[in-house]
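S.K.: The structure under discussion is supplied below as structure tokens; questions concerning it will follow.
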Amino acid sequence: MATFHPYGDRAWKRIFWRQILLALGLLGLFLYGLPKFRHLEALIPMGVCSSATMSLLRDNFTGALRPWARPEVLTCTPWGAPIIWDGTFDPDVAKQEATQQNLTIGLTVFAVGRYLEKYLERFLETAEQHFMAGQSVVYYVFTERPGAVPRVALGPGRRLRAELVVRERRWQDVSMARMRTLHAALGGRLGREAHFVFCMDVDQHFSSTFGPEALAESVAQLHSWHYHWPRWLLPFERDAHSAAAMARGEGDFYYHAAVFGGSVAALRDLTAHCARGLAWDRARGLEARWHDESHLNKFFWLHKPAKVLSPEFCWSPDLGRRAEIRRPRLLWAPKEYRLLRD
């Protein structure tokens, strides 16, 4: 008859829980700790497009795409939308198409509080160099101090409008209020002036061409910190009481609220959805984990974007160099939250 050894059982349990804690510790370092650990995520495969899907990938601005030119990355979504990487499109075709359509493209940015002095001028100056070069562009700067918006030399057919907004008490409220503000603007002069609009954060700057290849009816941006992660690790809102809640198993990719865009009509739908969700949460004393970004991810789960931009279009230098990031288009500026946020 076998003899039960309580001390042996306890030793086994200690070993088991030590392994669990070690695994959790390594995961914590990988996600939030030493930068070197972040390079390991490049080893996580992004997935593969089927040859049938790749042969059908087309775009209204670039025509037939070349997804096979980037075999090391995922170039399509499960619903057949393209993921745009450097080398998968012809930039000249995109420019010609936008010019032939005589498009005006809007670019909105919020510069409130110290963010105006710290980031806005460089954002606008680099946008003049790289954002939709040669196209008609109207910049909309939302700020509580329109008179302090820097004077930046603009090229032909490019305009800048400073729009007054009320300064919110907390930075989180500034972030969340922008969906309501954008919805109103898209229903007003901005919506009448522009055919397509991009909405971007101000604490970044352009470093390379960001052209008409990025245009589509609705456009989402793969978050540079999460594009290799498996779905179960993505930081979706999990509080079931929030309007932004997504259940386990839901979600396609994690999208960055620093860059999103589309047609005026599509963005009206997106901003209305997010504004309603934010109001719903506030009425119940809730606040989603990543504020308006959580609601944006819920919207794109329910309404798939027509085009997804690769992390090349909005890259964080803190992640270092990656072989797959050939030409970063936007670069995050250093985050100086203690200095900039009240």
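Every residue gets a Cβ built from N, Cα and C, even glycine.
Look at TrEMBL and you will find GLU293 tagged as active site, nucleophile. The UDP-N-acetyl-alpha-D-galactosamine binding site annotation in TrEMBL covers PHE110, ALA111, VAL112, TYR115, ASP201, VAL202, ASP203. If you look up TrEMBL, you'll see ASP201, ASP203 marked as Mn(2+) binding site. What TrEMBL lists as transmembrane segment is 15-34.
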S.K.: Tell me which residues of the chain lie with their Cβ under 8 angstroms from that of GLU293 (active site, nucleophile), as long as they are six or more apart in sequence?
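M.R.: The list for GLU293 (active site, nucleophile) reads TYR255, HIS256, ALA257, given in order along the sequence.
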S.K.: Write out, in the order they occur in the sequence, the residues of the chain not among PHE110, ALA111, VAL112, TYR115, ASP201, VAL202, ASP203 that have a C-beta within 8 Å of the mean position of the C-beta atoms of the recorded UDP-N-acetyl-alpha-D-galactosamine site.
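M.R.: Near the UDP-N-acetyl-alpha-D-galactosamine site, beyond PHE110, ALA111, VAL112, TYR115, ASP201, VAL202, ASP203, sit VAL109, LEU116, TYR119, LEU120.
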S.K.: At its widest, how many Å does the recorded UDP-N-acetyl-alpha-D-galactosamine site span between Cα atoms of PHE110, ALA111, VAL112, TYR115, ASP201, VAL202, ASP203?
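M.R.: Per the listed residues, the maximum Cα distance equals 11 Å.
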S.K.: Identify, in sequence order, the residues in the chain of ASP203 (UDP-N-acetyl-alpha-D-galactosamine binding site) that are 6 or more apart from it along the sequence and have a CB within less than 8 Å of its CB; answer 'none' if there are none.
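M.R.: When sequence neighbours closer than 6 are ignored, ASP203 (UDP-N-acetyl-alpha-D-galactosamine binding site) has TYR115, LYS118, TYR119, TRP332, ALA333, LYS335 within Cβ distance under 8 Å.
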S.K.: Which of ALA111, VAL202 (the binding-site residues) has the most other Cβ atoms within 10 Å?
M.R.: ALA111
S.K.: For each of PHE110, VAL112, TYR115, ASP201, count the other CB atoms within 10 A of its CB; which of these binding-site residues has the top count?
M.R.: PHE110
